[in-house]
Amino acid sequence: MPTVDDILEQVGESGWFQKQAFLILCLLSAAFAPICVGIVFLGFTPDHHCQSPGVAELSQRCGWSPAEELNYTVPGLGPAGEAFLGQCRRYEVDWNQSALSCVDPLASLATNRSHLPLGPCQDGWVYDTPGSSIVTEFNLVCADSWKLDLFQSCLNAGFLFGSLGVGYFADRFGRKLCLLGTVLVNAVSGVLMAFSPNYMSMLLFRLLQGLVSKGNWMAGYTLITEFVGSGSRRTVAIMYQMAFTVGLVALTGLAYALPHWRWLQLAVSLPTFLFLLYYWCVPESPRWLLSQKRNTEAIKIMDHIAQKNGKLPPADLKMLSLEEDVTEKLSPSFADLFRTPRLRKRTFILMYLWFTDSVLYQGLILHMGATSGNLYLDFLYSALVEIPGAFIALITIDRVGRIYPMAMSNLLAGAACLVMIFISPDLHWLNIIIMCVGRMGITIAIQMICLVNAELYPTFVRNLGVMVCSSLCDIGGIITPFIVFRLREVWQALPLILFAVLGLLAAGVTLLLPETKGVALPETMKDAENLGRKAKPKENTIYLKVQTSEPSGT
């Protein structure tokens, strides 16, 4: 009986239907980018200092310049690493004293300014920015700076818990229903976040968005990879992820045009309501329908694909089914990912790779945001470098395979982080170049692990397998903001050292996975178990006997 891949070879693996579905679903990938890394602009922290109403009043009376007013409000920045005093402390002075002069009011209070008492910024901060961010609106600086880390960690926590539920939902009730449900919740929560009256409500809507947005992205990814044959799967998988890069570039332009975070949030959220139109544009996955014994519906969709591609349905289409496996369970469960020793080993390796790739990818972005000279240009450069990374992945996957390029890309990312440790912060241009090299390497690794992860699991548990393994990427995303911002306070190079170790180790364990180049998607547990397994010597012997016996009988 023919499989889905057999039928696709006859009706078209990458025909008009697949191209149309690909372009439509790529919009989901592009829309996911502002959610995933939007913190760079939504949570931008500009230069700031304490606000002092007393100094402002005296400045107005004395006609001071802004620089003079700042000089009498906060202590100087001093050596590197002591900027905290200027941003989070101010002079505790009674500015209503009549003895204060306009020339040097602090001189009459102390001969040395270091003897003046310092206090917290009780009256807020003054931010040096023409726009606004969640940092400037909710004062997420100084003692509350960790709340910005929590904002991004909360999103990744939503990714983590949502991945398991959405993945199970997609395998149990279908890819299409999962896609539409997550689109609706994601759009509504994104708009509500733009109208958040306080930090806690904003955090709640961000968590809700995290619970569904990654599942929405993965549902689209799974659909497009299941619509095409094995010959086109590698291309559409990487191009789908390249659409994420297009979303990053578009985000840069939107952030530059809309410097106020609420307008930016609305601009990236409102258009996602249009994805509900996919109800009429995208069919259910025939592979999933077959795994649920809904053969009639799967045959109908395959017939639709044939018509869209201008092909006649093959004569054996009505015999379409999955290969029989008496041990197969149609209802996916977490235990299926660990049922055999081979699957168990692969699952653990994939989990570590997802964790490492997430920490390095988000870590490099946040590190760039914390050390950037021009935030918009630096973000744009680091986003554009993902495009050649995608083409490198396409070329190497076609000619070399998945495993060796993925190992080399992790090695490149880890080595880049190691090199950045020894580059002076004053050489900003060199830091950006090395960071872009590392960003390209980790981008290639992420593109490939998405492809490899989907290729190592059978159909009935594929979506759950991708979701569970990629949940380690969310754990990495939860801790990455704290790694970047909190460890930098201990030692600026400490996050980069950790990134380098993780990347170099990931390069080694990648080599333990089987190659999947040119191999059809496994449809049963037996297919998945046999990936990378060589033929037994006994089978080879029988084959040789058959070949040698034929000539003697003629």
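The backbone N, Cα and C atoms fix where each Cβ goes, and this holds for glycine too.
Look at Swiss-Prot and you will find Asn71 tagged as N-linked glycosylation site. Here Asn71 (N-linked glycosylation site) comes close to no residue that lies at least six apart in sequence on the same chain with a C-beta under 8 angstroms from its C-beta.
Non-local contacts of Ser333 (phosphoserine) by the CB criterion (under 8 A, 6+ apart in sequence, same chain) comprise Val461. What Swiss-Prot lists as phosphoserine is Ser333.
As annotated by Swiss-Prot, phosphothreonine applies to Thr541.
Taken from Swiss-Prot, the feature motif 'Proline-rich sequence' covers 283-287, and the record attributes it to a curator's inference. The average pLDDT computed over the motif 'Proline-rich sequence' (283-287) stands at 86.
The topological domain 'Cytoplasmic' annotation in Swiss-Prot covers 1-21 (among others).
Annotated topological domain 'Extracellular' per Swiss-Prot: 43-149 (among others), in sequence order.
Taking Cβ pairs closer than 8 Å, the topological domain 'Cytoplasmic' (171-176) reaches residues 219, 222-223, 226, 278-279, 282-285, 288-289, 331-332, 460-464 in its own chain, all 6 or more past its ends. Positions annotated as topological domain 'Cytoplasmic' by Swiss-Prot: 171-176 (among others).
Proximity of distant same-chain residues to the topological domain 'Extracellular' (198-206), defined by a Cβ-Cβ separation under 8 Å and at least 6 residues beyond the stretch ends, is recorded for 134, 138, 140, 147, 150-151, 154-155, 158, 189-190, 192. Taken from Swiss-Prot, the feature topological domain 'Extracellular' covers 198-206 (among others), and the record attributes it to sequence analysis.
When Cβ-Cβ distances below 8 Å are used as the criterion, the topological domain 'Cytoplasmic' (230-235) is approached by residues 5, 13-14, 18, 394, 397-398, 451, 455, 517-521 of the same chain, each at least six residues removed from its ends. Summarising the annotation, Swiss-Prot assigns topological domain 'Cytoplasmic' to 230-235 (among others).
The topological domain 'Extracellular' feature in Swiss-Prot is assigned to 257-262 (among others); the stated evidence is sequence analysis. Packing against the topological domain 'Extracellular' (257-262) from elsewhere in the chain are residues 41-42, 129-134, 137, 194-195: each is 6 or more residues past its ends and has a CB under 8 Å from a CB in it.
The annotation topological domain 'Cytoplasmic' is assigned in Swiss-Prot to 284-347 (among others).
Per Swiss-Prot, the feature topological domain 'Extracellular' maps to 369-376 (among others). Counting same-chain residues at least six beyond the ends of the topological domain 'Extracellular' (369-376), those with a Cβ under 8 angstroms from any Cβ of the stretch are 40-41, 44, 252, 255-256, 425, 428, 431, 484-485, 488.
The topological domain 'Cytoplasmic' annotation in Swiss-Prot covers 398-402 (among others). Within the chain, the topological domain 'Cytoplasmic' (398-402) has long-range Cβ neighbours (under 8 A, six or more residues past its boundaries) at 234, 448, 451-452, 455, 515-517.
Within the chain, the topological domain 'Extracellular' (424-431) has long-range Cβ neighbours (under 8 A, six or more residues past its boundaries) at 371, 373, 492. The topological domain 'Extracellular' feature in Swiss-Prot is assigned to 424-431 (among others); the stated evidence is sequence analysis.
Annotated topological domain 'Cytoplasmic' per Swiss-Prot: 453-464 (among others), in sequence order.
Summarising the annotation, Swiss-Prot assigns topological domain 'Extracellular' to 486-492 (among others).
Between the transmembrane segment (207-229) and the transmembrane segment (22-42) there are at least 3 Cβ pairs closer than 8 Å, counting only pairs 6 or more residues apart in sequence, which means the two stretches are in contact.
Each residue in the topological domain 'Cytoplasmic' (284-347) gets a DSSP state, and the totals come to 35 helix, 0 strand, 29 coil. Under the criterion of 3 or more C-beta pairs below 8 Å, with sequence separation of 6 or more, the transmembrane segment (432-452) and the transmembrane segment (177-197) do not qualify as touching, having fewer than 3 such pairs.
Across the topological domain 'Cytoplasmic' (1-21), DSSP classifies residues as 14 helix, 0 strand, 7 coil. Counted as Cβ pairs under 8 Å, contacts with the transmembrane segment (348-368) are highest for 465-485 among 150-170, 236-256, 403-423, 465-485, 493-513. Of the ranges 150-170, 403-423, 493-513, the one with the most Cβ pairs under 8 Å to the transmembrane segment (465-485) is 150-170. Under the three-state DSSP scheme, Asn71 (N-linked glycosylation site) falls in the helix class.
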